[in-house]
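Structure, as structure tokens:
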Amino acid sequence: MHPLGRVLAFSQKCRRFSTNVIDPNSIQPKLCVVGSGPASFYAAQQILKALPKVQIDIFERLPVPFGLVRFGVAPDHPEVKNVINTFTKTAQDPRVKFIGNVKLGQDVSLAELQNAYHSVLLAYGAEEDRLLGIPGENLDNILSAREFVGWYNGLPNNKDLKFNLNIEKVAIIGQGNVALDVARILLSPIDLLKKTDITEYSLAALADSKVKEVKLIGRRGPLQVAFTIKEFREMLRLPRCFVNMNAEDFAGLDAIVPNLPRPRKRLTELLMKSISTSKETEADKCFNPIFFRTPKSFQSGEDASSVGALTVAVNTMEGENAVETDVLETIECGLVLRSIGYKSIQADSAIPFNSKRGLVENSGGVIQPGLYVSGWLGTGPVGVILSTMTNAFAVGQTMASDILNNTVDASIKKPGFEFIGSLLKKKGIQTVSFADWEQIDKVEQSRGKEKGKLREKIVDVKEMLTIASGKP
Ligand SMILES: Cc1cc2nc3c(=O)[nH]c(=O)nc-3n(C[C@H](O)[C@H](O)[C@H](O)COP(=O)(O)OP(=O)(O)OC[C@H]3O[C@@H](n4cnc5c(N)ncnc54)[C@H](O)[C@@H]3O)c2cc1C
């Protein structure tokens, strides 16, 4: 049996036979969480409910909290970001400490956290992207949707991303919600973005953009698209943009649609109704989903170092699977965005990581008693905030019950942040508290107000740290 399997079996056995439930008021467990996205805050909420005297320390690699809610969710979806209000309440609980600018695997190791705390929850998400692995992929102006999203949302790593929007045709590879987010940002009239929290430099670049046509390329058909109806409706409503699809790709669907599960049925019906929207005459931009095509290679354009075209194989379907034929087509494109999924990394060599699946090995969030994983790091990079919440609630409950049924012994004395804090101090690392973040937040909101925007994000880590230090 794999050693991890033995540990999991042992943990399950402990859970089954443990009968002595501890009085929650009699213990003061010290827990820590790595990452400060939804998977972290939702788990913390559950733990706080179950363990009245717990201390939860949340370590985040950036000086600012909230993960993909800040750096992933599209700027024109402000209502989605309202979850930040609940996360803020959790962070302001006296039993919770936010410690920003601390990166697991660089500033602190998993072993150090395990020594300092009774339990450790890994919730550091998925921050890498997948490659297509086809010839020409290293040409200029081929980027991942992840980088592009990070660029317009002010993720410090992506703020200096270099690419050229002085082109007319864009190919997005992938047909999920992230693909639709980036298509919408590229095709939106600039006035629709001006008041959002989109970064100023991307607003300026998008205002000068020459993009007229965005193709959304998928290996399978209209029945398999991974985007949701809300996101597709937004494309239909975009001013001066018409939606154009190939009617042949929908052949035979009439007979299938009535038997589809309800959400898929409604989405397919809407797709069929929108095969070519009538706004063509007044529109100067086009959104063009293309089905049944597998990317095979990229070719350079007039500029030999930049992408100019994409060769695709035409597919047929066998059941739910796309099967390539020998027929090839060329699609002109001056910019390519790969939107084929995010990928987690092994932040510390002691983490049992499944490189093939790109996630941390776990059973219901348990890696071993005292070590847990929640959110995209444990489930793989799929699902919206709601599904991440469901997962994190369950993991948080498991963490609390493992303490209450003594699977994790919280009577052992643990130093918690006393130890980790001194370690970080020795290394000269400036930590950022939640109150420090609130100062950064204030500055962002007031800079935004001056420009008639929700906020103007600070994109430079040094500047964040200067504001956090209170000595600008
Ligand atoms: C582009 C995009 C748009 C989306 N839009 C929506 C939407 O509109 N609606 C919706 O419901 N869902 C949306 N989602 C999905 C949603 O963002 C995820 O379900 C959710 O954020 C996953 O939460 P998480 O906590 O697992 O990961 P994350 O939100 O990624 O949080 C992980 C945190 O860990 C930190 N971290 C990383 N490495 C380390 C380290 N080594 N040490 C310390 N900290 C670290 C990161 O900085 C980050 O703060 C979107 C996702 C993407 C990618």
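Just so you know, the numbers here start at 1 and follow the chain as drawn.
Even glycines carry a Cβ here, placed using N, Cα and C.
Because TrEMBL annotations are produced automatically, they should be read as predictions rather than curated entries.
What you see is a predicted model, and the numbers here were worked out from it, not measured in a lab.
TrEMBL lists 30-186 with the feature domain 'FAD/NAD(P)-binding'.
Residues or ranges marked as FAD binding site by TrEMBL: Ala39, Glu60, Leu68, Leu104, Trp376, Gly383, Val384, Ile385. Here the Cβ of Ala39 (FAD binding site) has 32 other Cβ atoms within 10 Å, regardless of which shown protein chain they belong to.
Just so you know, the Cβ of Arg219 (NADP(+) binding site) picks up 22 other Cβ atoms within 10 Å once every protein chain is counted. Residues or ranges marked as NADP(+) binding site by TrEMBL: Gln175, Gly176, Asn177, Val178, Arg219, Arg220, Glu231, Gly383.
Cα-Cα distance from Leu68 (FAD binding site) to Val178 (NADP(+) binding site): 12 Å (rounded to the nearest whole number).
Looking at Gly176, Gly383, the binding-site residues in this record, the fewest other C-beta atoms within 10 angstroms of the C-beta turn up around Gly383. In this structure the C-alpha atoms belonging to Glu231 (NADP(+) binding site) and Val384 (FAD binding site) are separated by 13 Å. Put simply, Leu104 (FAD binding site) is 30 Å from Gly176 (NADP(+) binding site) when counted between their Cα atoms. Checked against ligand 1, the binding-site residues Gln175, Arg219, Arg220, Glu231 give no residue with a Cβ under 6 Å from it.
Asn177 (NADP(+) binding site) sits 29 Å from Leu104 (FAD binding site), counting Cα to Cα. Sequence-distant neighbours of Gln175 (NADP(+) binding site) (same chain, six or more apart, CB under 8 Å from its CB) are Leu216, Ile217, Gly218, Gln224, Val225, Ala226, Phe227, Pro289, listed in sequence order.
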